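What Swiss-Prot records for 37-69 is repeat 'Sel1-like 1'. According to Swiss-Prot, the repeat 'Sel1-like 2' annotation covers 71-107. As annotated by Swiss-Prot, repeat 'Sel1-like 3' applies to 108-144. Residues or ranges marked as repeat 'Sel1-like 4' in Swiss-Prot: 201-236.
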């Protein structure tokens, strides 16, 4: 019986390997022979996820962005640049073109990262607060909760640093200049509430703090409790999801 199971398992494994191989052939043909940008994107994702060949994936995304201006590939390429996996040049400026293409195609995170590039100045490029605000607003309009939250903190007058890398890890970048917006607590509250409605717990906590302290808005302890409770509820849900992530029943 065990021999039969082993034989069946081996056959299934062989069939899966053949399927994966055929998918790769199909994507290569679509990309290189038929010159279809969407096939190149799929090929890049195939090399990234199934072959774990990140160098090849980056090259495919870059070419598809440079030659075809394909938004998804441009976003992928931009994120690889942010993660420091594209050569030795750490210049954020090179992210502007690919992220602009992604943003123009309504990829929310593309707008958010494009905004953050403009928010963070470099030695040879000053921060552009106007563009940073514009693109962060666009990301928020596209229902990117993180963008709404960041925008709300900017309107508090804080100089937030670019802290998120491609892996979602905190990383403080040493930049000579950061953008700044005039303090506007009405706008800060507006975008903080919007981010809270998109389940960003730290934004709910910010709203609670504003109402509790009367920071730029009328003091309202009932509203403070409401948003504090909402922050706790979201955090409990996130913890529960993390706990159950590996449960298959």
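Cβ atoms here come from the backbone N, Cα and C positions, even for glycine.
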| Summary of DSSP states over the repeat 'Sel1-like 1' (37-69), given as helix, strand and coil counts | 28 helix, 0 strand, 5 coil
| field | Tertiary contacts of the repeat 'Sel1-like 4' (201-236), as residues 6+ beyond its ends and Cβ separation under 8 Å | value | 145, 148-149, 152-153, 183, 185-186, 188-189, 192-193, 195
| note | Beyond a gap of at least 6 residues from its ends, the CB atoms lying under 8 Å from the repeat 'Sel1-like 2' (71-107) belong to 37, 40-41, 44, 54, 57-58, 60-62, 64-65, 113-114, 117-118, 120, 122, 124-125, 135, 138-139, 142, 165-167
